[in-house]
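Peer 1: Relevant sequence annotations retrieved from TrEMBL are reproduced here:
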- 44-63: transmembrane segment (TRANSMEM)
- 79-101: transmembrane segment (TRANSMEM)
- 113-132: transmembrane segment (TRANSMEM)
- 144-163: transmembrane segment (TRANSMEM)
- 183-207: transmembrane segment (TRANSMEM)
- 219-237: transmembrane segment (TRANSMEM)
- 262-281: transmembrane segment (TRANSMEM)
C-alpha cells in the first residue's frame, strides 16, 4: 500500500464500526473473547467475493431486461441504486481483510474515506428502502426521490468520517474532541436502521401518512442491519453511563456488537440474490 499504510507488529481487533466495549474492560474480561485473524480472513473474503458477484449479476439483469424491472416494485431506478450501494459497501471490506491478514494499518485520510463509503452506502440503502414504501411527495418524479435519499445517506456518513481513528487501526474512536460527532454517528445508526422503518410502518398503518404502503424486497436491509443499530446504541450507553461493570455483561455486549455487524454483512451479497430470485419468480408467473 506504499505510503497509505504501515505495519503493525501485533494482532488487533476486528473492525466493528465503533470502539468495542473491549476498550473499557480489563484484560481478564477478554480471555477467550478475541477472534483469531486466520478465522476472520476466510469469512471476509467469501463475503467480498459473493457481494461483488451478486451485485454485478443484479446489474446485468437490470441491463438485459429493463422493461421487466420497470414493472416490479421497487422499480429499476431503486434497484440500480441498491446494487450500487451494495457494490460500494462490498468494496470497502477488502481493506479490513488486508488489515487482518497482513496486519496493515491505514493512514487517517484513507481510513476516513473507507468509513465514509462504508457507512454512506449503508445509510443510503436504509433511506432508500424507506423511500420505496411511500409515494413521492410534492409531485417528484419516480427516480428523483430515491436518488435524493440515496445521496442523503452519504451526507449522514459525515460524522463517521470525522470520528475515524487516528491510531492506525481504522476504527472510529470516541475521543474528547470529537465526542459530539460520535454521538451523532450512533444516533444516525439507530434512527436510520431502527426508528425509520418503525416510523414508516406506524405512519402507513395508523396515520396513513404515506398513502398505501408498498412493501418490497428492499426492506430486508432492516432485517439484517437493525440489530447493529441497537448494538451500537447499547454500546454508547455503556460508554456514557457505565450502567454495568459486570465482566460477563460487557463481554456479551461486545459479542452482540460483533455478531450484529457480521449478520449485517450478509445483506451485501444475500440481498441481490433475493432480488434476482424474486424477479425470476415474477417473470415465470407473469
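Each residue, glycine too, has its Cβ placed from N, Cα and C.
Help me see these features in their spatial surroundings.
Peer 2: Cβ atoms under 8 Å from those of the transmembrane segment (113-132) belong to residues 17, 73-74, 78, 81-82, 85-86, 88-89, 91-92, 95, 106, 145-146, 149-154, 156-158, 160-161, 164, 170, 172, 185, 188, 192-193, 196-197, 200, 214, 216, 218-219, 221-222, 225, 264 of the same chain, restricted to positions at least 6 beyond its ends.
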Peer 1: Within the same chain, where does the transmembrane segment (44-63) have neighbours whose Cβ lies under 8 angstroms from its own Cβ atoms, ignoring anything closer than 6 residues to its ends? I mean 6 or more beyond.
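Peer 2: For the transmembrane segment (44-63), the nonlocal Cβ contacts are 69, 76, 79-80, 83-84, 86-87, 89-91, 93-94, 96-97, 100, 265-266, 268-273, 275-276, 279.
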Peer 1: What else in the chain is close to the transmembrane segment (219-237), if you only count residues 6 or more beyond its ends and a Cβ gap under 8 Å?
Peer 2: 17-21, 122, 125-126, 129, 132-133, 182-183, 186, 189-190, 192-194, 197, 243, 253, 256-257, 260-261, 263-264, 266-267, 270-271, 274
